[in-house]
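K.L.:
First, the structure itself, so that you have it in front of you.
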Amino acid sequence: MWDSPEAAVRQSGVIEEGDALLLAVSGGADSTALLCCLAALREALNLKLAVLHVNHGLRGGAAARDAAFVEALCAEKEIPFFLAEVDVRSAVATAHRSIEDIGRELRYAALEETAERWGKDLGRPVKIATAHTEEDAAETVLLQLARGSGLKGAAGIPARRGRIVRPLLAVSRREIEAYLARLHQSHVEDESNATALFARNRLRREILPRLCAEINPEAVSHLARAGQYFREADAYFEALSREKADRLIHREKGGASCDCALLNREPSIVRSYLLWQLLEAAGGSRQNFTARHTEALQALAGKARGKRLSLPQGFFAERRGERLVLFRPEETAEEPVFSEAAVRKQLHARIFPYVQGEPIPGGRFLQWFDRDKMPADYEIRTRRPGDKLALRGGGHKSLRALMTEKNVPVELRERLPLLTADGEIIWAIGLRRSALYQVDETTTTILELRYEGEET
C-alpha cells in the first residue's frame, strides 16, 4: 500500500525532474487520478504537462460528455488540452480486426502524433504517460497465460516502453478510488466497461474479484508481480539467445538457417528464443508466432529429415542436411509460374475448429482463413480494372503488377480465378493471398479453401 499515488509515482523511476509529459486521459478514475497526481507534483518536479483525450467515435453524446469533462478539468489545473477524434468503426470494417485492437492502435497513434507535434513546439522530447494500474498488469498476465503465451506475452505491461511510461503501475484500483475520494474529485464512467462483451472486462468484473474473494485477497498483486518476474526472465533469455545466434544462425537469400546440432544442444527454452532470432534473421516478425510454432520447429530440427512446415507470415521451414532453413517460397526461384491447368480447377471448402498454435498449411492452391472474420458470402470472379490485394504490414499491390511479377501468360490473365469477399480480393488463386482474414491468436474456426480438380 502507498501513502498516496504521488509517492508511487516518485518511486516508479519512470518520471524524472524536468520531464515533459503528455497524459492520456479518458476521464475515467485511473486517468483522472493520473492527471491530479502529476498536477500535484508539477511544481516539485518541474514538470511540463499536457493532456490528450481521444474520442473513438463509438459512444455519441457520452463521448462528447467525457471530452468536455476532461477539458474542464484541464482548464481548472491550467494544463493544455488536446482532443483527437478517430473513426474506429471504419477502421474495423476495412482491417477486419476487433474493436479493442483497432481502438488501442488508433489511440496510441494519436498519442504519438500529438507528442511529436507538441515536442517540436517545446523543442524537447516528450514522454507519454498512461494510467495503467496494478489491476491492468494482473489482467494482462492472466489473459496472456489463458491464451497460451510464453514468457514474453505473460510479462504483462512494462513500466516503460520507448517514450511511453506508466507511473501508476504499482498502484491498485482501490488506492486510486481512495485518492479521488480524498480529493473530492469526480470522474466519468465509460458504460462499455460494465459489459461482459470484451474478454478484459470479464476478467476485471468477474474473474479477478472471485480470485481475490475465494483464493487469495492479494491475487491481483501476486499476478502483477509474476508479470515482473516473467519480464526479467524474458530479458535474460533474449540477451542469451542474441549472444548465441552469432554462432548458430546465418542469413541466406530469401531467408535464414541455423545449425541443427548446435541448436539441439541447448535447453528447450533457449532453443525457442533462438528460433525467434532465426525468424527475425529471415526477415519476419514475431506477430502471430506462438509457442506451438517454436515447438513444431524444434521437432523438425530434431529429425534427420522432415517435411516442410507452413508458418505464419508466408514462411516455410525445412530440414536440409544439418541445417534448419526458414524461408518464404515467393522469394525463391523454385516457384512455378501460373499455368493453363490452374484455371481448370475447382474450389472445395471445409470448416473446422482451430487449435491455437497449430502450424498453418499454405500453398498456391490451399489456404486457411479465419471463418469468424470473413463475411458470410464470398465468390470467385475474374479480374476488373483497379483490382489490388492488401499486403501484410499495410498497403496494397495491384493485381496487374502481381501477374506480371509471377509471369502469368497474357492469354490466361482474364481467366485468373479471384476469391473475393465484400468486394475485396482475398486470394488470387495460384499466385498470392491477401493479408485479410488471417489466422491469428484470436481465431477459433478455420475456413479451409482448396482449389483442385481437373489437371488436363
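Using the three backbone atoms N, Cα and C, a Cβ is placed for every residue, glycine included.
All annotation found in TrEMBL is predicted automatically rather than curated by experts.
Keep in mind that what you see is a predicted model, and the values were worked out from it rather than measured.
According to TrEMBL, the record shows the following:
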BINDING   S26, G27, G28, A29, D30, S31  ATP binding site
DOMAIN    378-449  domain 'Lysidine-tRNA(Ile) synthetase C-terminal'
K.L.:
Over the span of the domain 'Lysidine-tRNA(Ile) synthetase C-terminal' (378-449), count residues by DSSP class, listing helix, strand and coil in order.
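P.N.:
Across the domain 'Lysidine-tRNA(Ile) synthetase C-terminal' (378-449), the residues distribute as 11 helix, 25 strand, 36 coil.
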K.L.:
Go through G27, G28, the listed binding-site residues, and name the one with the sparsest Cβ surroundings, counting other Cβ atoms within 10 Å.
P.N.:
G28
K.L.:
Indicate whether S31 (ATP binding site) is helix, strand or coil by DSSP.
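P.N.:
Looking at the DSSP assignment, S31 (ATP binding site) belongs to a helix.
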K.L.:
Under 8 Å Cβ-Cβ from S31 (ATP binding site), six or more apart in the same chain: what's there?
P.N.:
L23, A24, V25, T130, A131
K.L.:
State the count of C-beta atoms found within 10 angstroms of the C-beta of A29 (ATP binding site), not counting that atom itself.
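P.N.:
Taking every protein chain into account, the count is 20.
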